[in-house]
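A short worksheet on the structure shown next.
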Amino acid sequence: MEIRKRGLSKLESYWGISQDDVSAESCGEARGGLRVSEREDSGRDSQNWYRLSIPPLWPWQTVVIAAGLVLAVLTGLAHAWCVYSIHENLLWFSHLKEVEREISFRTECGLYYSYYKQMLRAPSIQQGLSELISDNATESKRTINLLRRMNIYQEVFLGVLYRILPIQAYLEPVYFYIYTVFSLQAVYVIALFITSWLLSGSWLAGALTGVWYILNRVDTTRVEFTVSLRENWSLPFFALQIAAITCYLRPHLKPIQQKVVLWLMFLATLCFCLTWQFNQFILLVQALIIFTLDCLDLISTEQVTCLYLVQVSSLLSVWLLQFCNSMILGSLALSFIVAALFVKHFQRGLKTGGLAARLGKLLLHTVLVLALTFTIHYLAKQALQLRSDEHIFKFIKSKFGLGPTRDFDASLYLCEEAFGLLPLDTFDRLAGTLLAYPYLVTLIVLLVMLALVTLANLCDSSAVGRPPKGRCEARPICMRADVAYNLLHTVFFGLLALGTMRMKYLWTGHMCAFAAYGVCGKELWSLCLNMIHCNTKTKLRLIRYTLPLVILCFLYYKFWPKLMTELSELREFYDPDTVELMTWISSKTPKKAVFAGSMQLLAGIKLCTGRVLTNHPHYEDRALRERTRQVYQIYAHQSPEEVHGILRTAGADFVVMEDSICYERRHGRGCRLRDLLDLANGHIMDGPGDNDPDLVHASHPRFCESVKTDGPAYTALFTRVFQNKTFHVYKLRRGKKRAKADREPVAMQD
């Protein structure tokens, strides 16, 4: 009997299947991070009992794992089907014309999709790659390497895949693209399913995770209306990386298993970094989590080093794939990891001594790592002449009131709701699906346990050099490394989401897995049952299996009709003004014509018409940000000569002005685009309200309003060539001597 019980424990640690799942024998012990019974005898040969106990259990174990994997796949496919159905019903996508489908890729989504379209239309794959590496149509008067500047390898890969696969006859390119993105959302849910399964030892937790993720779709994803956004490509790989880290930190993994998991972790991290330009900031947060686990003595030195090296190797691989992108070498994440490894190598006695001594050493260790991080970061930026990411640091400074609030780039972010604080109604929605309550209870209890375990680690000088799992066997309360990692993960990314709403999508998905672990895991229920002195295996099993089933039944009863109603709600895409504008540009302007305007609109012009742009929404280049600010002077108080000179310097032939920006009402005073320009130019803002005393009245009227009056000063430099209720297009005259020539019809070569 003893041999069989220990074999089950081994299987539990390796496969994530609890003893409850594979044995009907009762026992007064609850494992998995909270040890409440006597220590096992370590003198017996573990290989013998492991070998003897496996044969009787393989069939049932295989059935349990197979059932869990099938359910994981079905849950992921259910989510993919939901977001596809909502996308179809929201736009009536299958019935749209091609130009309408392309317009539905709003803002930067259209820019990214245009490169997929460009790869498909290129005469050959080699020429398509060459055009992306030496592109002169995305930014006028500039030749840029798009593979270096932007994270568009996914568009390149799909473009190549579509060309070589025999699917052109029955699958349109746009459907191949969106089906791939929606399939990745299935991978996302499967990864969250596996994470909660590994943590709890029950695939019921995975099922609950998937259901919560689908029902909280408003707060967990926005893929249905921003298909090609970079986060929709990268977050599934990030979730896979979290699942791989969770598996890697589990006890009793064999060396070969650790190597396999590390390779999976590397591939997931590489794909995550390659598909999102904000990867370095996410990896910085993750590196801080690993650093915290190391300081609290919750993972081994070998594990810390391996996790750091996976991050470094992924970043350097992306650096090579992006043609030595200097932003990666100058990233804070890389500087922090190098500093942490360097300081750790020379501080051998960090985890020795009493409580006071260890706290002092940890404080000194942290100060040294941070000081060295900022030193390396500063030297790297100076050596590389790196200024492309300075707008992000300006935004962070302005957000916390540490920098100037008149900076145009920082204000552009601060005034967007997505970069503001997380709205409180988010928690109302999460509570409505019963997600918030178990999440908060699990979070609080595990934070208390983490504090107790940390205190015990810091006070126990005899534990130095012993693996964490060995210490767990000697203490009444301990915490597994995989649980500790996921706890700190949800804390760190939760703080990030609370400060910046757009980052909530990094948090809410993991929140579903973490809450499901709290409902189905052993730790919390063992603790509760121990407090009332009735911790038996039967009662623990009853609670762990009954409660998630009750929650699932409640969610089905309450939300299934609402979900079916939402999936059956039909709408239709309707934007005739934009369709008219794109049709006119395609038919009435030269193919090499250069257009100026707002970043969002120009991305659509690039996709729908292929015309050359002056600026675009990918805001990660300093020179482009400066050009964008200059082009936006069309909405500021500027003279026609000044605006004409700016646009001609940028190479523009046409400028598109939007009434929705010129007379903006979406934002309040101080956050309208025209207000941001006035503040940056030192001018008093329009409308009633206070102004800073150093602001002055502008000497010229607002250009976007005055140009419509067709005054002599404006008609001498600008000719209106298109107009509807939303857009006004003006052709730039090259000078007064050519005024007569510019009065000729605008219909030019096709």
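Cβ coordinates come from backbone N, Cα and C, glycine included.
The feature transmembrane segment is assigned by TrEMBL to 58-84, 152-170, 198-215, 260-278, 319-342, 362-380, 436-456, 477-499, 505-521, 542-560.
Taking residue pairs at least 6 apart in sequence, the transmembrane segment (362-380) and the transmembrane segment (505-521) share fewer than three C-beta contacts under 8 angstroms. The recorded stretches the transmembrane segment (362-380) and the transmembrane segment (436-456) do not share 3+ CB pairs below 8 A when only pairs 6 or more apart in sequence are counted, and are therefore not in contact.
Long-range neighbours of the transmembrane segment (152-170) within the same chain, counting only residues 6 or more positions beyond its ends whose Cβ lies under 8 Å from a Cβ of the stretch, are 112-113, 115-116, 118-120, 125, 128-129, 132, 146, 176-177, 180, 228, 233, 274-275, 321. If one looks beyond the transmembrane segment (198-215) by at least 6 residues along the same chain, the residues whose Cβ comes under 8 Å of a Cβ in the stretch are 12, 16-18, 20-21, 32, 64, 67-68, 71-72, 75-76, 78-79, 82, 189, 192, 243, 246-247, 250, 433, 435, 482-483, 486, 509, 512-517, 519-522, 544-545, 548-549, 551-552, 555, 559, 563.
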